[in-house]
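These come from Swiss-Prot:
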- G10, A11, G12, K13, G14, T15, R123, V132, Y133, G201: ATP binding site (BINDING)
- T31, R36, G57, L58, V59, G85, F86, P87, R88, Q92, R156, R167: AMP binding site (BINDING)
- 30-59: region 'NMP' (REGION)
- 122-159: region 'LID' (REGION)
Amino acid sequence: MRVILLGAPGAGKGTQARYITEKFGIPQISTGDMLRAAVKAGTELGLKAKSVMDAGGLVSDDLIINLVKERIAQPDCANGFLFDGFPRTIPQAEALRDAGVTLDHVVEIAVDDEEIVKRLSGRRVHPASGRVYHTEYNPPKVAGKDDVSGEELVQREDDKEETVRHRLSVYHSQTKPLVDFYQKLSAETGTPKYSHIPGVGSVEDITAKTLAALD
């Protein structure tokens, strides 16, 4: 099972990725992890990527695609893989297709922007313990205080409304076109299969729909 999981930040991709990888016995592959592993292993591609990153540059799509091909040739990908956060752009998707990397399924976890803003901007964290609360869905016993220590809770920079809205706008301009790309490819060639899963409701409900789509 070779899967791409798409969805905005806060859509719940991480949770669904965990269930998919467990069910099918496939690794979750993110470009960040892949780059770090290649750099650590000191492979030729890893060293090339390291020199680019050390100079403050962005790793080229060509290099990323070659890293992907190297990674999915490893034994743990024999039964497939799940791409998380890749491809991000149309050129990456086209390069992946042109490199002959076959995909079985593209799954989009779709959640309305306002719901995502509510989900993320309501998060509060107790820095010392890592305990996470939500002002609406999982509030602390005393507003703004950690249940155990009574210490102040904080809102992470990433969870501030303006940051969330900026990340969503980047997602819509850059990654949303991928949804159209794969829908079109699926309609024209029959592969990969494309599924749109509404990411609202209980985790169990969303997981059941996601796994049913992949069966």
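The backbone N, Cα and C atoms fix where each Cβ goes, and this holds for glycine too.
The structure displayed is predicted, hence computed values, not measured ones.
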R123 (ATP binding site) versus R156 (AMP binding site) - Cα distance in angstrom: 8
Non-local residues, at least 6 beyond the ends, that sit with Cβ under 8 Å of the region 'LID' (122-159): 167
Alpha-carbon spacing, T31 (AMP binding site) to Y133 (ATP binding site), which is rounded to whole Å: 29
Candidate binding-site residues G57, V59, R88, pick with smallest Cα gap to G14 (ATP binding site): R88
Residue from G10, G12, Y133 whose C-alpha is spatially nearest that of G57 (AMP binding site), among the binding-site residues: G10
Spatial neighbours of R88 (AMP binding site) that are distant in sequence (at least 6 apart) but have CB under 8 A: Q174, T175, L178
